Amino acid sequence: MEDLDALLSDLETTTSHMPRSGALKERPPEPLTSPLTQMGPGESSGASGDKDHLYSTVCKPRSPKPAAPATPPFSSSCGVLGTGLCELDRLLQELNATQFNITDEIMSQFPSSKETAGEQKEDQSEDKKRPSPPPSPSPVLPKPSATSATLELDRLMASLSDFRVQNHLPASGPTPPPVPSSMSEDTPSPPGPTSKGSLDTMLGLLQSDLSRRGVPTQAKGLCGSCNKPIAGQVVTALGRAWHPEHFVCGGCSTALGGSSFFEKDGAPFCPECYFERFSPRCGLCNQPIRHKMVTALGTHWHPEHFCCVSCGEPFGDEGFHEREGRPYCRRDFLQLFAPRCQGCQGPILDNYISALSALWHPDCFVCRECFAPFSGGSFFEHEGRPLCENHFHARRGSLCATCGLPVTGRCVSALGRRFHPDHFTCTFCLRPLTKGSFQERAGKPYCQPCFLKLFG
């Protein structure tokens, strides 16, 4: 396009120098008429000065007049003009070869209505400020006929003008007639598209533009919730596709697009709803278990809640003991529920002795008077207490009053005590008192002779 503008500028300069020849002064022909000079003030399309010059140079005049005989200086100018027109036709043929690419580029880069209106106002203000050059009396020469590329360019510019005018008007107003072009007599302008056609065209252009940019426009499947096609953002989960606003928690309807979720029976749930509805409950606090879990005694527990119900300490390597469905540590279980020793009343943990209808620690089953262990495994019982032989007879009064040993055979009962037969003697002469006669003084037995001698 820059080459075309430069060539048109050269042609304008060449045309401006033509009136200087003497032949033109004798018979000034009519000035060259362009389609833009015949249009009224209300029919101006708002195009720039370069575009006006392009139309006035390319378009075929309506009624060309025969030119006067050319003088030698004028024939040289005509040769220069013919060469320029040939160059213009060559450039237009190249433009015709790339018309489809130009059309796509123009349609994809439509300016907004505000920008177009601003450009038209600026162009009109510049045209008013710019002084109009005096018409140069140059002869009208026969020009080559417009080529097919020229016709195609006129049709494209007319369509573009129609589309811009339609965008400027409100949707409810009537559709204005298309702006006339320079080739309106040869090629009629296409009718303005309807609103539905314009919408379909714009949607098609948008879809093609997105496709060229690598953005997919086809449906990405049916939503797993509303069963409608998905276009745009999509969430893929549970083997299906979802609209982002439809992939929500099955309990509280919270959006789950960018957060973690749990699945139950094919439905997504947020962590709060999933744990509240489907997680096992702790046997102590009755709250849902979210992470680690201990299974014992037919129920589930938080690890920090599975502890001794008596002391509250967690169970170590020694494990736990159960009583009526409740866990206890070993120490508290034995302290609360283990059998008690009859001697020390402490819990029996290991070995024990069963005697006198009770359980005893081996170290606690001794004589309850002297705490001496029983030799030979035999013991004597008195009032439910185990005693050795001596303390048993002492409790029952069956010890010899002289030697202090138990009396197991024959005995002599005197003075409220028991004696071995050989140990019941006179306190002074130590003779046995076998005859059964004796005297007593201060709780001691005496024979008759010694009593008379001592106390006579």
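We count from 1, first residue shown onward.
Every residue gets a Cβ built from N, Cα and C, even glycine.
Keep in mind it's a predicted model, so treat the numbers as computed, not measured.
Residues or ranges marked as region 'Transcription activation' in Swiss-Prot: 1-195. Among the features that Swiss-Prot reports, region 'Interaction with PTK2B/PYK2' is placed at 1-235. Under the heading region 'Disordered', Swiss-Prot lists 1-79, 109-146, 166-200. Positions annotated as region 'Interaction with PTK2/FAK1' by Swiss-Prot: 78-131. Under the heading compositional bias 'Basic and acidic residues', Swiss-Prot lists 116-130. Under the heading domain 'LIM zinc-binding 1', Swiss-Prot lists 221-280. Annotated domain 'LIM zinc-binding 2' per Swiss-Prot: 281-338, in sequence order, evidence recorded as sequence analysis. The domain 'LIM zinc-binding 3' feature in Swiss-Prot is assigned to 339-398; the stated evidence is sequence analysis.
DSSP labels the residues of the domain 'LIM zinc-binding 1' (221-280) in these numbers: 8 helix, 17 strand, 35 coil. Across the domain 'LIM zinc-binding 2' (281-338), the DSSP tally of helix, strand and coil residues reads 8 helix, 17 strand, 33 coil. With DSSP states grouped into helix (H, G, I), strand (E, B) and coil, the domain 'LIM zinc-binding 3' (339-398) comes out at 11 helix, 14 strand, 35 coil.
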